[in-house]
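Going by TrEMBL, these are the annotated features:
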- Cys371: active site, nucleophile (ACT_SITE)
- Cys242, Ala243, Ala244, Pro245, Gly246, Gly247, Lys248, Asp266, Asp321: S-adenosyl-L-methionine binding site (BINDING)
- 141-464: domain 'SAM-dependent MTase RsmB/NOP-type' (DOMAIN)
Amino acid sequence: MSLFPKIALRPEVEDYLRASFKNEEIVTALGVQEAERKFETLLNHLSHPPAFTTVRVNTHLASVKHVEDLLLEEINKQFNGLSVPILQHPDVQDVLLIPVIGPRKNINKQLSEVIVGAHCGNAVLRGAHVYVPGILSASKFMKAGDIVSVYSDIEGKCKKGAKEFDGKKVFLGNGISELSRNEIFSLSSPLTGIGIRMTEPVYLSPSFDSVLSSSLFLQNLPSAVVSHVLDPQPGEKILDMCAAPGGKTTHIAALMRDQGEVIALDKIPNKVEKIKRNAALLQLSCIRAFCYNGTKALGKAENGQGGPPFLPESFDRILLDAPCSGMGQRPNMAYTWTLKEVTSYQPLQRKLFTVAVQLLKLGGVLVYSTCTVTLAENEEQVAWALRAFPCLQLLPQEPHIGGEGMVGAGLSVDQLKQLQRFDPSIIPLKDTDITSIRDARREDMIWLANKDCIGFFIAKFVKRESF
């Protein structure tokens, strides 16, 4: 059932996306009405959180069973004794799935209100508390210890420091204020910690603030699938071209048992530092992170440190988790980008891909992925790559728990089967309560986790001959 309005898009962006999901091939296969229904289902899903919280176990330091036992204790404590099952994914065995309970409709709204920005609101729907920088407005007389109702400003119209807000807002749940209004909006000493500790969220999902930080990584299911599809082996040299914040980088290193070399690139300095911190936290020593633009990663080596640029055919495997329009991320109630911004990524992705092909060894594997749902950034890129680089061939993916590729880019039926698209428009939105979880069969819950996740795309190539 839909609790929130569908994702708000600029009209030209919604028309652009609709054209992908109602292209001639889809309409021929499904009919106009069914194609439109699936598109509207997608828009509704994007404003709601996935059905499961997914954590990846750092198998370099801990066993999955050990982390599962510790998580059960933590969740029992956070949920005041409410017993929620934790499932090990049968096909992605270093991943644990925790059902998200909600939407909960019996929460009493309070007179005292706190308004948060849309980005902060999205995090709350995934289990986070409200941090001070995300707070836009608080009731005039709010004190520390007050029970308050938290709302998301989905149109971005609330002014920082406002005492009330009558614009479009969405109820996220209740919490306890850790600070007074005056402390939150103090100009002399801005604060950064937790401002509202959520106690009755509309969607109940565990908070992972400082929870088992060296043993697990909070990661969407398709993002964890990517590294398994890459299938890194101990002793190999691997490039993660657009690596921040390091979730896939550290996963690759763990799958290699920290043996070999993982080069991580990102062009933004503070993001590179985050990769390094995550590698240190998870105690993975084979990772080396560099602040470097991936489009310039091919060239004559300039230093003796083994960093970029790199000579052709330097890497056994390459992951290009490309910068993209991000239209598969959930929850997201308001997507503010213009059509020009959305369509700007295809040329950049092709520049990065061209460099990746040249850096890949003969017989090497290249995995391309995005967290968006557009045809132009996914299947059209695969069609372009196969035309532009005859040396490349699509490979089957393992595990393959998502759907096939979407028609409309001129790919064959066999080629579409080798792609992996996670598309939440496949199923209707469902309410999840603790009774339905306890009564559900395990295989049905795994099926739901595979379908009701973020929008994501994966393609796997092998390089058969020199570029």
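Glycine residues also receive a Cβ, built from the backbone N, Cα and C atoms like all the rest.
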Quick check for the class: what is the C-alpha distance, in angstrom and rounded, between Lys248 (S-adenosyl-L-methionine binding site) and the residue listed as 'active site, nucleophile'? 13
Can you name the binding-site residues among Cys242, Ala244, Gly246, Asp321 whose CA is within 10 A of the CA of Cys371 (active site, nucleophile)? Asp321
Express the predicted model's confidence over the domain 'SAM-dependent MTase RsmB/NOP-type' (141-464) as a mean pLDDT, rounded to an integer. 94
Sequence gap of 6 or more, Cβ distance under 8 Å: name the residues on the same chain that satisfy this around Asp321 (S-adenosyl-L-methionine binding site), in order along the sequence. Val226, Asp240, Met241, Cys242, Ala243, Lys248, Ser369, Thr370
For S-adenosyl-L-methionine, with binding residues Cys242, Ala243, Ala244, Pro245, Gly246, Gly247, Lys248, Asp266, Asp321 per the record, max Cα distance (Å, no decimals) returned as 13
For the S-adenosyl-L-methionine site (Cys242, Ala243, Ala244, Pro245, Gly246, Gly247, Lys248, Asp266, Asp321), what does the 8 A shell look like? I mean other same-chain residues with CB within 8 A of the CB centroid. Asp240, Thr249, Ala264, Lys271, Ile275
CB neighbours of Gly246 (S-adenosyl-L-methionine binding site) within 10 A? 27
